[in-house]
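Now, the feature entries from TrEMBL:
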type: BINDING; residues: Gly12, Ala13, Gly14, Lys15, Gly16, Thr17, Arg126, Ile135, Tyr136, Gly199; note: ATP binding site
type: REGION; residues: 32-61; note: region 'NMP'
type: BINDING; residues: Thr33, Arg38, Gly59, Leu60, Val61, Gly85, Phe86, Pro87, Arg88, Gln92, Arg160, Arg171; note: AMP binding site
type: DOMAIN; residues: 126-162; note: domain 'Adenylate kinase active site lid'
Amino acid sequence: MSKIIVLIGAPGAGKGTQARLLEERCDIPQISTGDMFREMKNDDTPLAKEVQAIMNAGGLVSDDLTFQIVKNRTDREKDSYILDGFPRTAGQAEMLETLANEQNRTIQVIEVDIPRRELLKRLTGRRSCPVCKEIYNIYFKPPKQENVCDFHPATQLTHRADDNEASVSSRLEIYDEETKPLIDYYQRTGRLEKVNGEGDLETIYQSISRLI
Ligand code: AP5
Ligand code: MG
């Protein structure tokens, strides 16, 4: 039976980095709600503007809109896929149970665990390529040439609008209140596995891919 692989963890834990590696090396699609919402940035609609404002402030987009986007995107998948950044609330977790039933897939949850002290540098140091979405970090994973994508030498890297100290603190607070309880829920229902998100990317990748 194909699976829905949920990567769960605090902002900056490395979900996106690892999901991208899994997609590249194992051919399992990465479906990131954060990336899908960021893609709405250039839409000139009131809804898109509202989403941008919520994200920039480090809040959560409504469960209904988030689920609608996830459902539309995942219904066309034929095999297993990775959810990066969904679910984040109890309501979303419930919606995911229904979706998994409808799609005849099992849910596997992998927590990327990382100490709080590591996160600020990861987030404030993050840069990404607007073309290929490659994720860099000025402290831990710098591009070969300063502020330029390794794969798109004509492209300057960008800094996410929500990677400032005020938004990060709100994102962490919401994570603790809304998302962390889901880890206990998946633990209780026997679907949680945990990897240490600290250390080098390859070691973490090996721990995750072994579980899949
Ligand atoms: P989203 O884009 O999902 O942001 P997030 O959950 O805050 O997580 P991040 O993307 O910040 O972290 P990550 O774990 O992917 O880390 P990364 O691999 O980049 O969501 C953004 C916003 O969208 C939300 O705040 C909300 O507004 C909205 N949203 C999204 N989903 C939603 C939902 N379901 N419901 C409602 N609203 C939703 O790594 C971080 C940095 O660390 C990078 O620089 C990387 O190079 C570096 N790094 C990674 N691994 C390592 C390592 N092992 N060692 C050193 N550095 C590392
Ligand atoms: Mg991410």
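For all residues, glycine too, the Cβ spot is worked out from N, Cα and C.
TrEMBL entries are annotated by machine, without manual review.
Feature map: annotations from TrEMBL on the structure.
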{"residue": "Gly12", "record": "ATP binding site", "contacts (Cβ under 8 Å, 6+ apart)": "Ile114, Glu118, Leu119, Leu120, Arg122, Leu123, Arg126, Val168"}
{"residue": "Gly14", "record": "ATP binding site", "contacts (Cβ under 8 Å, 6+ apart)": "Val112, Ile114, Arg122, Gly197, Leu201, Ile204"}
{"residue": "Gly16", "record": "ATP binding site", "contacts (Cβ under 8 Å, 6+ apart)": "Gln30, Ser32, Gly34, Asp35, Asp84, Ile135"}
{"residue": "Thr33", "record": "AMP binding site", "contacts (Cβ under 8 Å, 6+ apart)": "Val61, Thr66, Ile69, Val70, Leu83, Asp84, Gly85, Phe86"}
{"residue": "Arg88", "record": "AMP binding site", "contacts (Cβ under 8 Å, 6+ apart)": "Leu60, Thr66, Ile174, Tyr175, Glu178, Thr179, Leu182"}
{"residue": "Tyr136", "record": "ATP binding site", "contacts (Cβ under 8 Å, 6+ apart)": "Arg126, Arg127, Ser128, Cys129, Pro142, Pro143, Cys149, Leu157"}
{"residue": "Arg160", "record": "AMP binding site", "contacts (Cβ under 8 Å, 6+ apart)": "Arg38, Arg126, Ser128"}
Residues of the parent chain within Cβ reach of the domain 'Adenylate kinase active site lid' (126-162), under 8 Å, 6 or more residues beyond its termini: 12, 16-17, 20, 35, 38, 52, 55-58, 168, 171, 201
Close-lying binding-site residues around ligand 2 among Thr33, Gly59, Val61, Arg88, Tyr136, where CB distance stays under 6 Å: none
Of Val61, Phe86, Arg160, binding-site residues neighbouring ligand 1, Cβ under 6 A: Val61, Phe86
Across the domain 'Adenylate kinase active site lid' (126-162), average pLDDT on the 0 to 100 scale: 96
For Gly16 (ATP binding site): DSSP state (helix, strand, coil): helix
Summary of DSSP states over the region 'NMP' (32-61), given as helix, strand and coil counts: 22 helix, 1 strand, 7 coil
